[in-house]
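These notes concern the structure reproduced below.
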Amino acid sequence: MSSRPLLKLALSLHDRLDELCSRGQIALVGYGLDVAAVAAVARHECFPIVDDEEVIARLNESTEILERSCRGSTMIYGVHTGFGGSADTRPDDSSGLGRGLMQLLQTGVLVVENLNISGPSTPQIMMPQSMPSSWTKATTAVRINQCVRGHSAIRHQTVKSLLKLVATQITPIVPLRGSISASGDLMPLSYIAGTLEGSPDIYVTKGSGKSAKIISAHEALGEIGMKPLLLGPREGLGLVNGTATSAATASLAVLDAIQLTLLSTGLTCLVSEGMAARVEWLHPFIAETRPHPGQGEVAAIMRAFLKGSRLVSGLEGEANAHLHTLNVRPDEGLPQDRYPLRTSPQWLGPQFEDLLLAHSQITIELNSTSDNPLTNLKTGAMHHGGNFQATSITSAVEKIRTSLQMVGKLLFSQCTEMINHQMNAGLPPNLAADDPSASFCCKGLDINIAAYQSELSYLSNSISNHVQSAEMHNQAVNSLAFLSTRYTIKAIELLGMMVAGVLYAACQAMDLRVMHATFLDTTTSTLQKAIADLLPNGFKSDDVEKSLATAVQGLRNAWWNNAGSDASERCSITAIAFVQVLCDPSKYHTDTHKEDICLDLTAKEMRQLQDDVRLHLSKAYHKHHSAFLEKPTTEEYIGKGSKALYLWTRQDLGIPMNRGLIDHPSPENLKEPGSVGKRTIGSYVSMIYQGIQDGRLFKRFATASREVGLGDGGVNGTRKRAYADYETP
């Protein structure tokens with residue numbers, strides 16, 4: 001097994017999606033369908049095709065078997081019977097059964113806003129009552145793939161009609177609620193079947209983007225020159241009696257969840273650098289002694305992303321250890337990082353493993369037959385069973401949703417620690433770049449992320465234990481797979497918001513860490529050179545030099561430990577601490593060494609020296625502060641993988657370091673009439689969120705993963721192995 005299976009799977013799916021988008025179409029043959037292909041159809045206008053002669057032959061053979069069975073004495077469900085708990089009825093004319101099935105299923109709620117038709121408005125409706133078009137497109141593609149396996153007795157003509165709907169951008173408007181995913185997703189699929197029938201009361205979206213319009217299915221078929229389809233024996237049931245809606249939306253969910261979880265792993269690296277973490281907890285030995293594959297994979301990814309960082313310490317085998325002379329945190333406090341960082345591999349690892357299993361379950365479902373009864377092409381027999389029960393999808397998406405909550409909890413804990421100056425190893429309160437009494441920068445983000453995590457935790461509760469008996473107690477157990485998938489997609493949206501907020505805060509924290517660390521580095525150097533001139537006459541230079549090393553460290557600690565003070569007060573406190581240690585090293589450490597020299601100053605001389613040092617610090621800090629805000633140097637000090645995510649934020653999106661109150665937008669700071677000017681923090685976080693939603697951030701993560709040597713995961717290697725078990729008819 002690969003040592004990085006989730007990352008390699010994600011890179012493989014990412015490459016596969018790019019490949020399909022450039023190709024523009026996907027051949028459906030009943031097996032080999034992956035979640036990337038579903039996403040390509042749903043989100044990127046990639047059209048499914050069915051042109052394989054063997055597939056067409058399977059469809060023809062399946063319908064011939066059904067026709068022969070109908071002519072015989074065998075009782076076939078849905079052909080000679082009613083449906084569900086009413087299957088004890090025996091209709092005299094089975095030709096109307098398909099229409100009767102559509103009538104009983106097309107019962108979902110849609111409001112006039114969904115349909116763009118005249119009627120009283122419903123301003124109290126907060127959310128649309130219809131499925132997103134992308135879900136419906138994905139559902140159609142998945143149902144086609146399930147049907148072309150040849151077990152549902154669907155005609156080739158019917159499949160071609162479904163394909164034409166997608167190709168001509170006719171997307172049925174499907175109610176969001178009403179499926180219990182027991183006998184498949186009956187209600188959603190019935191609206192797709194109703195579109196094929198040309199129902200004047202089923203509505204569709206024709207076209208995409210600004211050119212899209214809402215018309216009836218009857219009008220839409222007329223516009224593309226397609227006749228309404230008269231469903232053949234059992235075809236109505238064959239179209240609706242499956243798990244396609246659950247499987248399709250679960251495919252989108254697992255793809256997004258895998259990417260968000262990997263992004264959260266990379267984001268933990270940024271937080272570690274912002275917090276100047278002591279990352280010995282990433283040593284391979286720790287994972288080797290507890291060999292859960294997910295834990296080892298997380299640690300390996302993080303080690304690779306942090307390689308070369310001058311903001312963290314403790315990476316094993318550092319070839320550039322001599323570079324780690326930058327003082328990035330106080331040398332007091334906890335000797336180990338708190339659990340949100342130190343145990344992140346142990347926390348994220350099980351989520352990696354669950355996502356791999358969920359992906360496997362969903363991929364199998366995409367390439368399975370879900371219907372009843374089934375046609376056996378080898379024997380010609382009809383088999384009655386329950387392959388429509390979508391519990392495998394429920395199992396998958398509930399694992400995904402639980403994993404999302406766990407990832408969110410980790411990010412929430414990391415973020416609130418990073419923003420809190422009493423826990424973040426020397427960064428200012430709320431990650432404010434100016435005086436903490438004037439600016440509260442990321443405090444609102446802390447509140448937002450708590451809100452997102454609360455909702456995410458609520459959504460993570462199991463759906464499957466809320467099953468209600470339905471349909472004359474015939475469907476007494478039902479999977480609720482589509483319902484669970486809907487809530488999983490909501491959870492993905494929330495975690496995406498959290499990732500966006502934490503990424504914004506982490507970039508700010510890294511900037512501040514570098515700004516203060518480089519200030520101390522340059523200032524203590526100049527201070528050491530200037531100290532002889534600041535001291536009263538009569539002190540030997542040798543004595544001063546012996547005291548300086550300890551005093552400088554005392555100065556650095558005082559600076560980090562007083563991050564909650566405004567700059568003027570911080571400089572004053574730091575100057576006092578420096579002079580105190582210079583005069584008496586025991587003020588800094590109790591185990592005073594013989595070589596430590598105590599400089600004997602009078603009280604007046606001490607006050608004068610403190611004032612001189614304070615003035616030196618104040619001038620140096622304000623000069624350094626202004627220069628850094630003008631041109632941050634953060635990228636020179638961070639790990640290669642972290643740098644990719646940092647630069648994506650700072651350069652690709654153009655989101656600058658927050659300078660404090662000066663960056664709050666107001667009419668006065670518009671550069672020119674009509675310009676946007678400065679942005680709120682929320683606007684910047686929204687830009688990041690949009691980049692997460694449209695895949696740009698993960699694309700950068702994928703590139704960075706390869707740049708740091710984490711494997712290619714190419715479509716010709718990993719993908720073939722990942723799906724080897726499923727690529728059989």
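Cβ coordinates come from backbone N, Cα and C, glycine included.
Taken from Swiss-Prot as is:
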type: ACT_SITE; residues: Tyr77; note: active site, proton donor/acceptor
type: MOD_RES; residues: Ser183; note: 2,3-didehydroalanine (Ser)
type: BINDING; residues: Asn241, Gln336, Arg342, Asn372, Lys443, Glu471, Asn474; note: (E)-cinnamate binding site
Nearest to Tyr77 (active site, proton donor/acceptor) in three-dimensional space, by Cα, is which of the recorded positions Ser183, Asn241, Asn372, Glu471, Asn474?
Asn372
These are the binding-site residues: Arg342, Lys443. Which one scores highest on other Cβ atoms within 10 Å?
Arg342
On the three-state reduction of DSSP, what should I expect for the residue listed as '2,3-didehydroalanine (Ser)'?
coil
In whole Å, how far does the CA atom of Gln336 ((E)-cinnamate binding site) lie from that of Ser183 (2,3-didehydroalanine (Ser))?
54
Same-chain residues six or more away whose CB lies under 8 A from the CB of Asn372 ((E)-cinnamate binding site)?
Tyr77, Ser183, Asn241, His384, Gly385, Gly386, Asn387, Phe388
Please state how far apart, in Å and to a whole number, the two most distant Cα atoms are among Asn241, Gln336, Arg342, Asn372, Lys443, Glu471, Asn474, the recorded (E)-cinnamate-binding residues.
59
Below 8 Å Cβ to Cβ and six or more residues apart, same chain only. Which residues does that give for Asn474 ((E)-cinnamate binding site)?
Gly84, Gly85
Find, for the listed binding-site residues Asn241, Gln336, the residue with the lowest Cβ contact count at a 10 Å cut-off, counting only other Cβ atoms.
Gln336
